[in-house]
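Feature annotations, courtesy of TrEMBL:
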{"type": "TRANSMEM", "residues": "12-36", "note": "transmembrane segment"}
{"type": "TRANSMEM", "residues": "80-102", "note": "transmembrane segment"}
{"type": "TRANSMEM", "residues": "109-130", "note": "transmembrane segment"}
{"type": "TRANSMEM", "residues": "211-234", "note": "transmembrane segment"}
{"type": "TRANSMEM", "residues": "263-281", "note": "transmembrane segment"}
{"type": "TRANSMEM", "residues": "301-321", "note": "transmembrane segment"}
{"type": "TRANSMEM", "residues": "328-346", "note": "transmembrane segment"}
{"type": "TRANSMEM", "residues": "352-374", "note": "transmembrane segment"}
{"type": "TRANSMEM", "residues": "395-420", "note": "transmembrane segment"}
{"type": "TRANSMEM", "residues": "440-462", "note": "transmembrane segment"}
């Protein structure tokens, strides 16, 4: 038992590896939609295509990478670590090019689509093996849970960094907006004034584009630093996931076994809807703060309040799940977001109230971050007891969980951007029609609340409670 214990340094180095995925994912999740619409000035229809295809492709790459990892031979660096190391430099380059506005009259849509898909592929080559690494750092369930808590704290801190770096650098530059054409006068003097404003706007827009590229450069540097710390400080242990009776099973046989495992399917079904609720909120929150609430120059600080609150409450939820159980933590933690999501849409625009709601909502975001990754290892242990002759499927469990959440989030973001197009969204508008504001309220309040309630209802079917976890732990020790 002493040999199986992980040092605090090892846990911290492992946790730091979760930073790149969350830092880049948060920056893209919160800012890519508003960047494509108001900075790159793409039509909402084309922006919806980029967001949907990029997320859908991202989802497809997860099981693909999981398949190739299962076929990868062990090296002296491990089976998972080479994927993480070699994908990093190419991922950083493609990430930077997402935030670059090419000086071409045609082909901008293809530019963003191609580099968005390339980046999603490369970051998947980092994140799937990193997620599966949980099962290779220790045999002890308690040590894996502890390392997962460290990881979730750093990942939520990564979302804070992503939000802070992107938001604060971009927020220093005021993105110019254009008044609705209905309010533009028809006299020659008004036309001259409009041309003058457009010239000023073009200069300001260049500053905004430069700010996005600076933020991308800083985030890219952090991506490389986190990879170096992970690769130097963590040792991948082959024996940590193997049982005495292990025999190799093919990928497709393993996939069939995994998809027939009831506890895994029920866990995925529950988190599919709750994760989708928070992703929908994330994708539309910047537009909601900018136009519906009218906090054009404050939205980056509101996002930062949410993420700081989430980071500080991760240890609280770790204590809660060890004290009261993971299923109880799911019901209490995720459902606590519902009253605040309703409140932010129903109450009149008030900056102080918005900050209070943001801090309270961050507490629920922390639970939504921690719990899926804390419960997946329990499902894998349960699977190993039922199939002791099958091994090497950790990447399948993690990659297909991410596949389902990403694919549905891609569909939801594509539909939400199309909904804004149908509602009459005006690119770079200083204000939006009332139909757009109503649509944004639905996308950040009513729809997420419905998805959370549906997800919690499905969690009633999840079979692994605390008593079941204890029995599985004892049985695994005997089997080893």
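Just so it is clear, glycine is given a Cβ too, placed from its N, Cα and C backbone atoms.
The stretch in closest packing with the transmembrane segment (328-346), judged by the count of Cβ pairs under 8 Å and taken from 80-102, 109-130, 263-281, 301-321, 440-462, is 440-462.
At the 8 Å Cβ cutoff, the transmembrane segment (263-281) and the transmembrane segment (80-102) share fewer than 3 close pairs (sequence separation 6 or more) and do not count as touching. Residues of the same chain lying 6 or more positions beyond the ends of the transmembrane segment (440-462) and with a Cβ under 8 Å from any Cβ of it are 263, 266-267, 269-274, 276-278, 280-281, 284-285, 287-288, 291-292, 327, 330-331, 334-335, 337-338, 341-342, 344-346, 416, 419-420. In this chain, the transmembrane segment (80-102) touches the transmembrane segment (211-234); three or more CB pairs sit within less than 8 A of each other, excluding pairs fewer than 6 residues apart. For the transmembrane segment (109-130), the most Cβ-contacting stretch among 80-102, 352-374, 395-420 is 80-102 (pairs under 8 Å). The list of residues near the transmembrane segment (301-321) in space but at least 6 beyond its ends in sequence, with Cβ under 8 angstroms from a Cβ of it, reads 26, 30, 149, 152-153, 156-157, 159-160, 163-164, 167-168, 171, 285-286, 289, 295, 328-329, 332-333, 354-355, 358-363, 365-367, 369-371, 374.
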